[in-house]
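Below is one structure, written out as structure tokens, with a few remarks after it.
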Amino acid sequence: MRKKLVAGNWKMHGSLAENKVLLEALVLELGQASTAGCIVCAPFPYLAQVQSVLSGSTLAWGAQNVSNHAKGAYTGEVSASMLLDFGCSYVIVGHSERRALYGEDDASVAAKFAAAQAAGLIPFLCVGETLEEREAGVTEAVIGRQLDAVLAVSGIEGIGRAVVAYEPVWAIGTGKTASPQQAQAVHAFIRAKLAVLDKNVAASLVIQYGGSVKAANAAELFAQPDIDGGLIGGASLVADEFIAICRAAQG
Ligand SMILES: O=C[C@H](O)COP(=O)(O)O
């Protein structure tokens, strides 16, 4: 049986003071052995703080981006091995904000995915369609293309060592959550597509949903057979909300 995972993506939010309050609340409420499966993805400058507060708890942490290069003259970039130095287990790759705002295409996402795994990190591979793509009826084609780019570089074996996050772009930060049925349909498509390559990988792959998940809608989303938790943006910044979402994933 797949374990549900909930990851908070803080995006470009936080301060040392705010983070301290939030992280300490998470450790108090979620940091016990029985509540594993909760992850915090913080901005780079705060990873040392996250490591300091979460070490010794069952909470894991990660980053929101990574270089496709291992090291070298790449001003402003952060390598996967640097993330490991700060105790990261995970990194988000291919988030739609990076695809749309920073020109990350399928090939660069695939390269970052491979670099993360080569260093020992677990990527959250984000896939998802825009509203225009959904309305044009090409949702599955878009997500299939995004998955194929990673499969071409890392293979089904690589996907088997990752987490996939389905995030419809039209549901991110908009308050418009995909209905449980809409989300389930895409999750089932992803699992069926990968099952053609490897049934075992497809059956054990954790596929998260992301897009306006809140405490109020998390349980219904997570009850769908192919939804294995969530990638949470805004609600991950509010301790009570994130704690309730993590608890919803624990059933
Ligand atoms: O990575 C998280 C997603 O972009 C969802 O963000 P949101 O929960 O604020 O809609």
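Any Cβ shown, glycine's included, is placed from N, Cα and C.
Caution: TrEMBL annotation is automatic and unverified by curators.
Feature list (source: TrEMBL):
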BINDING   ASN9, TRP10, LYS11, GLY173, SER212, GLY233, GLY234  substrate binding site
ACT_SITE  HIS95  active site, electrophile
ACT_SITE  GLU167  active site, proton acceptor
Of GLY173, GLY233, GLY234 (the binding-site residues), the residue whose Cβ has the fewest other Cβ atoms within 10 Å: GLY173
Report the binding-site residues (ASN9, TRP10, GLY173, SER212, GLY233, GLY234) that meet this criterion: Cβ distance to the nearest atom of ligand 1 under 6 Å. Use sequence order and write none if nothing qualifies. ASN9, GLY173, SER212, GLY233, GLY234
Could you tell me which of these recorded positions, LYS11, HIS95, has the fewest other Cβ atoms within 10 Å of its Cβ? LYS11
One should report the C-alpha separation between GLY234 (substrate binding site) and the residue listed as 'active site, electrophile', rounded to whole angstrom, as 15
Please list residues from the chain of SER212 (substrate binding site) whose Cβ is under 8 angstroms from its Cβ, counting only those at least six apart in sequence. ALA171, ILE172, GLY173, THR174, GLY175, LYS176, THR177, GLY234
Centre the Cβ atoms of ASN9, TRP10, LYS11, GLY173, SER212, GLY233, GLY234, go out 8 Å, and tell me which other residues of that chain have a Cβ in range of the substrate site. ILE172, ILE232, ALA235, SER236, LEU237
Quick check for the class: what is the C-alpha distance, in angstrom and rounded, between LYS11 (substrate binding site) and the residue listed as 'active site, proton acceptor'? 15
Measuring CB to CB from ASN9 (substrate binding site), give everything in the same chain under 8 Å that is also at least six residues away in sequence. CYS41, GLN64, ILE92, HIS95, GLY210, LEU231, ILE232, GLY233, SER236
Return the single residue from the recorded positions list (TRP10, GLU167) that has the minimum number of other CB atoms within 10 Å. TRP10
